[in-house]
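A.B. asks: This is the structure I want to talk about, given as structure tokens.
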Amino acid sequence: MLPARESLAISQLVLYIPAFFATIFVVIRHGFHRQAGWIFLAILALLRIVGSGLEIASVKNPQSTDDFEWAAILQSVGISPLLMASLGLLKRITEEFLIEKGASTSSYRSLAIGLLQIPCVIALILCIIGGTDVGSTNSSDRKTGLTHLKEGLIIFAVVWAALWLLTILTVRDWSRIYEGERRVLIAVVVAVPLLALRILYGVLSVFVDKGSFSFIGGGIVPRVLLATVEEFLIVIIFIGVGLTVPKFAKQNEGRLETVELGI
């Protein structure tokens, strides 16, 4: 019987390899202009594929601490691409509405959504640096690493709260949103609570950091129930939406620029 960690890693490879190619297809279908949401799913899928490969390698070769540590780091950085994907899709809805209505409120909302991606990147960098230091045998480096991880998770939590608020504001415009874009909004609404559980797992892993919630070497069951399942559900939901919603009309590109400039 395979070890639990190896079984989980193999399962993720089976799930994320086809998900990666499906996401690439969605990105090509919609194009790289404006709709940045789906590209972050491709990044997440790639991270999961590489991380799972390293996890399998660490099980096969337990003497290699580098594989184990990097597997843990890559498994921990799923929050940023999921948040940025959600923000990207929410921005798509806002821009479709902005094109049609020319509303300044929607323009400000679109700007706010775009700006929220900056703290996401900062938090991601903090988590990568922190995760690298946590794997150190030096107690001082490990303490510093945990501090960076905590800072990163706090930023993620704040961004999630802003995403939740912006989603509620967008839902209030339901009657004025195109039918196709409503499916995108439903996907984001479903993703928000799933993201909350994923962030909760990250918070527990760095603020508790022992037993089942240890950042490195934590329990498999909490990881699956609070992180793995949520991540893949969001990926599947967003891919499904990407395959079914209409393309963002190319002619709208010029119209969007005109509206944003107030012309």
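Every residue, even glycine, has its Cβ placed from backbone N, Cα and C.
In case it helps, TrEMBL gives these features for our protein:
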- 4-245: domain 'DUF7702' (DOMAIN)
- 13-32: transmembrane segment (TRANSMEM)
- 39-58: transmembrane segment (TRANSMEM)
- 70-90: transmembrane segment (TRANSMEM)
- 111-132: transmembrane segment (TRANSMEM)
- 152-172: transmembrane segment (TRANSMEM)
- 184-204: transmembrane segment (TRANSMEM)
- 224-245: transmembrane segment (TRANSMEM)
A.B. asks: I need to check the long-range neighbours of the transmembrane segment (111-132): which residues 6 or more away from its ends have a CB within less than 8 Å of a CB in the stretch?
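C.D. replies: Sequence-distant neighbours of the transmembrane segment (111-132): 69, 72-73, 76-77, 79-80, 83-84, 87-88, 90-91, 94, 144-153, 155-156, 158-159, 162-163, 166, 206, 215.
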A.B. asks: With Cβ-Cβ distances below 8 Å as the criterion, list the same-chain residues six or more beyond the ends of the transmembrane segment (70-90) that contact it, or say none.
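C.D. replies: Non-local partners: 9, 35-41, 43-44, 47-48, 50-52, 54-55, 57-58, 113-114, 116-117, 120-121, 123-124, 127-128, 131-132, 135, 153, 156, 159-160, 163, 166-167, 170, 184-185, 187-188, 191-192, 195, 198-199, 202, 205, 215-217, 223, 227, 231, 234, 238, 241.
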A.B. asks: Should anything in the same chain at least six residues away from the transmembrane segment (184-204) have a Cβ under 8 Å from its Cβ atoms, list it; otherwise answer none.
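C.D. replies: 76, 78-79, 82-83, 86, 89-90, 92-93, 153, 156-157, 160, 163-164, 167, 170-171, 174, 177, 213, 222-223, 226-227, 230-231, 233-234, 237-238, 240-241, 245.
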A.B. asks: Below 8 angstroms Cβ to Cβ, which residues of this chain, lying six or more residues outside the transmembrane segment (152-172), approach it?
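C.D. replies: Non-local partners: 79-80, 83, 86-87, 90, 93-94, 109, 112-113, 116, 119-120, 122-127, 130, 185, 188-189, 192, 195-196, 199, 202-203, 206-207.
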A.B. asks: Please give the average pLDDT for the domain 'DUF7702' (4-245) in this predicted model.
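C.D. replies: Mean pLDDT across the domain 'DUF7702' (4-245) comes out at 87.
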